[in-house]
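Each remark here refers to the structure printed beneath this line.
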Amino acid sequence: MEGGNSPNLQLQQLPLATAAVSVQPHTDSFSYKENLIGALLAIFGHLVISIALNLQKYSHIRLAGSKDPRAYFKTKTWWCGLFLLVLGELGVFSSYAFAPLSLIVPLSAVSVIASAIIGIIFIKEKWKPKDFLRRYVLSFVGCGLAIVGTYLLITFGPNSHEKMTGENITRHLVSWPFLLYVLVEIVMFCLLLYFYKEKNANYIVVILLLVALLGSMTVVTVKAVAGMIVVSIQGNLQLDYPIFYIMLVCMIATAIFQATFLAQASQLYDSSQIASIGYILSTTVAITAGATFYLDFTGEDVLHICMFALGCLIAFLGVFLITRNRKKSVPFEPYISMDAMPGMQNMHDKGIAVQPDLKASFSYGALENNDNMPEIYTPATLPIVQEQHGSKGVSAPPYRVLEHSKKE
């Protein structure tokens, strides 16, 4: 009896084994293929974004250096830059649907590398070899390190993949690791916001930490929205889940507040400092959020995690060296010459006119200043002449305009 029943038992267990195989995750080759697709989309997107910003910057510079009365949004160059900007953002957005969040976020170093190279090309100055190497050696070393770091990130990046369905995202959203992470992030954000608003702690680290905390929620929601859209395109509709619209609203809200804090930081600090410190802080916090929400590093061995961390550190150092080489820009401000005004104390010790250097540059896009830009906006000086009372009671004009001549 036992021998006769054994074939039936084997036949009954066969469907169970087959069902167990069907729910296994993606194979390694397919997972690496998805990683490669996501990484290439992210690199393409950041490269196109950098070109777009430099095109828009070039449009502003051309208008500033000419007598063209048109507004910047009426030029073809600016609209071409806007089109490329939207195309690049779509590329980065779609990359989150294929590769893990912790892999895509550090690849924003590509935009810094491209901006540094394009900035050098856009500056059409003739440098001696020694001067050129002395000025740009840090940029070249930084670009090399950032490229090496990017290679390590792609090679040893996390390999966890799951379909972004409404059930999976809801399950991650209510998991206790993510709830604990959100609690800690809310407490940190409130403390930083209190010191920033009430205690006037306008330190760059404080502002960019606020940006990084908001950015981590932005990338988490971006991956959820992008993944659910891709799954819907593949035939499994996910747009009827309420979690999709919750994630969409959170994505838009956090992106708006993030841009607000970035605008405030750009008014207080140089864009090179914002680029380097912001990249380091935002990448670190976003990787932590991805590892907590999507469990990116689950099942990864210690070697891959250590090499991935090494790639992040090398990319951080490369971005720091690239932005470190940039000259600090001096904002342009109109001035009044007060050295000719009798009895008026000057703002400088030696009686020099209040006249800032005209070395301002449009701050977005390339990481290089436009020091060779013609000084077409140098204003004429209006010296104030002391009023003279004659014997007939007729007063002289309160001031006279001197003809301004610019030395070529």
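The backbone N, Cα and C atoms fix where each Cβ goes, and this holds for glycine too.
Annotated in TrEMBL:
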{"type": "REGION", "residues": "389-408", "note": "region 'Disordered'"}
{"type": "TRANSMEM", "residues": "36-56", "note": "transmembrane segment"}
{"type": "TRANSMEM", "residues": "77-97", "note": "transmembrane segment"}
{"type": "TRANSMEM", "residues": "103-123", "note": "transmembrane segment"}
{"type": "TRANSMEM", "residues": "135-154", "note": "transmembrane segment"}
{"type": "TRANSMEM", "residues": "174-196", "note": "transmembrane segment"}
{"type": "TRANSMEM", "residues": "203-231", "note": "transmembrane segment"}
{"type": "TRANSMEM", "residues": "243-262", "note": "transmembrane segment"}
{"type": "TRANSMEM", "residues": "274-295", "note": "transmembrane segment"}
{"type": "TRANSMEM", "residues": "301-322", "note": "transmembrane segment"}
- Item | Cβ-based contact of the transmembrane segment (174-196) with the transmembrane segment (274-295), 3 or more pairs under 8 Å | yes
- Is it the case that the transmembrane segment (77-97) and the transmembrane segment (301-322) have 3 or more CB pairs under 8 Å, with pairs at least 6 apart in sequence? no
- Message: Give the nonlocal contacts of the transmembrane segment (203-231) in its own chain as ranges (CB under 8 Å, at least six residues past its ends).
- Response: 93-94, 96-98, 101, 104-105, 163-166, 169, 185, 188-189, 192-193, 195-196, 238-239, 241, 243-244, 247-248, 250-251, 254-255, 257-258, 261-262, 264-265, 268-269, 273-274, 277-278, 281-282, 284-286, 288-290, 293-294
- Tertiary contacts of the transmembrane segment (274-295) (same chain, 6+ residues out, Cβ under 8 Å): 100-102, 105-106, 108-109, 112, 160, 162, 172-173, 177-178, 181, 204-205, 208-209, 211-213, 215-217, 219-220, 223, 262, 265-266, 312, 315-316, 319-320, 322-324, 367
